[in-house]
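**Q** For reference, the structure I am asking about is given below.
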Amino acid sequence: SAPRCHVNKQLLDVRVLKGEPAELSCTVSKDDVTGTWFKDGLKLTNMDGVFLEKEGLVHKLIINKVEDIHAGKYRFEGGDIKTEASIFVEDPPQVDKVLFKNLTSVPTVAKAGQKVQIKIPFEGRLPVRAMWLKDRMELADDTRIRVDKTDTFTMLSISSSERKDCGDYKVRLKNDSGVLEMNLKLVVIDKPQPPVGPIEIVESSANDVTIQWKPPKDDGGKPLQSYIVERQQVGKNDWVTLGETPRSCTTFTTNKVEQDMSYYFRVRAVNAEGTSDALESDEVKAVSKASPGAPDPPEIVSASRDTITISWKAPRKTGSSQIVGYIIQKRKKGATTWLPVNNVPVADKKLKMTNLKKGLQYEFRVAAVNAAGIGDASEPSQPVFARDSTKSPGQVQDLKVSSSDSTSVTLTWKRPEEKDGSDVKGYEVEMRSSNNLNWTKCNTLPIEKTTYTVKGLQAKEIYFLRVRALNDSGPGEAAELEACIEAAPPVVSPRLLVNDTVKNFLVIKAGNTIRLNIPFEASPDPVVTWLKDGLPLPNRATIKTEDGTTQLLIGAAEFTDSGIYTIELQNGLGKKETFSFQVQVTDIPQPPGPIKLEKNVPNTVTVTWEPSISEKWESNLYYTVLKRESQKGLWHVVGDLIYTNKFTFTRLIPGRDYYFRVVAKNNLGASGPSETVQPWRIQKPKAEFQVKPQKYRGVNQTQPPRFLVPLKPHVVTTGSECRMTCAIGGHPPPKITWYKDGSNISNDPTYFCTNDFGVCSLVVLGVTKHDEGEYMIEATNELGRASSKAFLAIKGNN
């Protein structure tokens, strides 16, 4: 007899977006088969938008534009063959493209107190779940804020907006077919907060008062314009406006005061939205000015038989007005009477005194003078003799150049020998160029340390340098050396040496270290600045820049460390270079909630579960559903890449027990499972006849690796995510190894490799041109080896 016809290629389930075309096809072994198509048990014919075609051994059902009515189970029958599959119509949430662009690219601006309403109409299969989040937390209704949701729109309403409502909002629309997220920004502008206090009294006298304050912490979202200063006399009710200051000035002086009267002062900040509440001072009394406090004891600079030079510092308490000079007094050591050295205050804080008796020992003290008069006198200086120093200091030891560049030389030396340098008071450094015989002094005051940097030198020039020790007798013998200045390095504009190995999108697991090294070149050394979302880095971040590399280090990453990081290089010539990259801090998701099983359609089961708590902050989270048919059987994946909280399993066999498990996944891995406790069973109908079972012979489960679904080539744009997936069978479970252009990448942290019960995925985040190439997955076990290859092509954003 003639061989029976059979199906070479079965019908396969199809998932298609609403409005897109769909096709079911099967291949039979004989050309003369004329088949019949059925939908949900009803015979189909050519109709509007649905076409039945036969091309040789291939039979096709084609739908030009899929609608909800086209969803269902389709069957092809021809002769003694039968094959069936389902069409699932996906209708994810959608928002008008123009509205989406306007809301996500332009901030919504409102004035404080105004009502804010952000309405987002949407389309998609019902039910659509709408969620509004701010700072990763779901918004809840309160006395001011309400979230409305209907079948056609969702709306955020704020009855009276406040500054604290400013920030980034996320709208998440979700149904059985997918998820749509929108990122919005709300800006609420208001009058400023009051200036920061307390109001400080900088100066107070009988005729005028000077006050000072700090800018407000919040300018209301608009630049400050000015400050208004007012005054109220104690005991009266009226406030008098004294004047305004520009926003850059936080001090104010008024002469509208009377001696011995007390006043209050207050300051308001002003922006385009209005005037802030007032910052008010404590009671201020306009009294006579206070005299200065006592300076520290003066120091002896030098002494000889004819002169003694002393110096001093200004007192810590200057009184209620500026210091105009100083009065100096002297006395012989042991005497009680102080004699004036000067009658007119000296403005300098150094004085050379004559009119001294040779051989006598003197003490000196200083008093400051301001508008209120002479202040308290200092404690006496150390006693000093009016006599010549016995000997000039000796020569400094071991003079040498410790470092130099194209414009400077740093010298170091040691004190003169002990017998020659016990009374050294400092050092002086002099220099001359090779074509000049005159020496130029480099320092005006004696150098206290034994090192000094001479700056302002010319490149490629030879200089002579000398150092001399100083004491009361003057300079000692000079130590001299010759120095040749280096050529100036060429000017190199700042340039960040960023190549394809530096990713512009980093995914970091929470708790791990964020460490990024950015090499650069520039001459002279540039100023390196790091920013996060346009603002200075938080205190937790550490920046280290040396030897042409700058490093960002954050010890234990937190979710708040996610954002756009920018590095800026700038040199003294105004040249500027920047590089930005995104950091996403994430973690392995939390498990889904409890699972429920429902029967909505005969011979199917609908699996629903409570969402993982990680959905609130993880936008790339999805779910995988697995099933097994006994308490100790193997788990098999029946649904993957599910972005909703529901899955319908259709291939139930009556009489068997089914257990289901759901795991949440993201780019870092899978959560723990949520599992059903009780099995799901469809009762098997009673058989009308008996079949004598054959003796069970056992099944040899060992199989070499084989690809159930091979890798497919991908074409993606720069900066996007690429996920390569395939399905592998075999027992024992094969070992999986990934390759790129022949190199093993399984342990490369740049890639995320997963293997969930034979469904193997390779994820490349933020792809660059560097990621283009041939990728291969190899599966091996003790029975054999199998491999599959695919090419990843990268195209630019434009």
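From the backbone N, Cα and C atoms, a Cβ is placed for every residue, glycine too.
Below are the features listed in TrEMBL for this protein:
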- 3-74: domain 'Ig-like' (DOMAIN)
- 195-290: domain 'Fibronectin type-III' (DOMAIN)
- 294-393: domain 'Fibronectin type-III' (DOMAIN)
- 395-490: domain 'Fibronectin type-III' (DOMAIN)
- 494-586: domain 'Ig-like' (DOMAIN)
- 591-685: domain 'Fibronectin type-III' (DOMAIN)
- 705-793: domain 'Ig-like' (DOMAIN)
- 377-401: region 'Disordered' (REGION)
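I'd like to know what surrounds each of these features in this structure.
**A** Model confidence over the domain 'Ig-like' (3-74) stands at 87, taken as the mean pLDDT rounded to a whole number.
Helix, strand and coil residue tallies for the domain 'Fibronectin type-III' (195-290), in that order: 0 helix, 52 strand, 44 coil [DSSP].
Shown for the domain 'Fibronectin type-III' (294-393): DSSP residue counts in helix, strand and coil, namely 0 helix, 41 strand, 59 coil.
If one looks beyond the region 'Disordered' (377-401) by at least 6 residues along the same chain, the residues whose Cβ comes under 8 Å of a Cβ in the stretch are 294-300, 303-306, 308, 310, 312, 329, 331, 333, 338, 356-367, 409-417, 419-421, 423-424, 427, 450, 467-481, 483.
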**Q** Rank 3-74, 195-290, 705-793 by Cβ pairs under 8 Å to the domain 'Fibronectin type-III' (591-685) and hand me the top one.
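**A** The stretch with the most close Cβ contacts to the domain 'Fibronectin type-III' (591-685) is 705-793.
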**Q** For the domain 'Ig-like' (494-586), I need the partner stretch with the highest count of C-beta pairs below 8 angstroms, choosing only from 3-74, 195-290, 705-793.
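**A** Per the Cβ count, the answer is 705-793.
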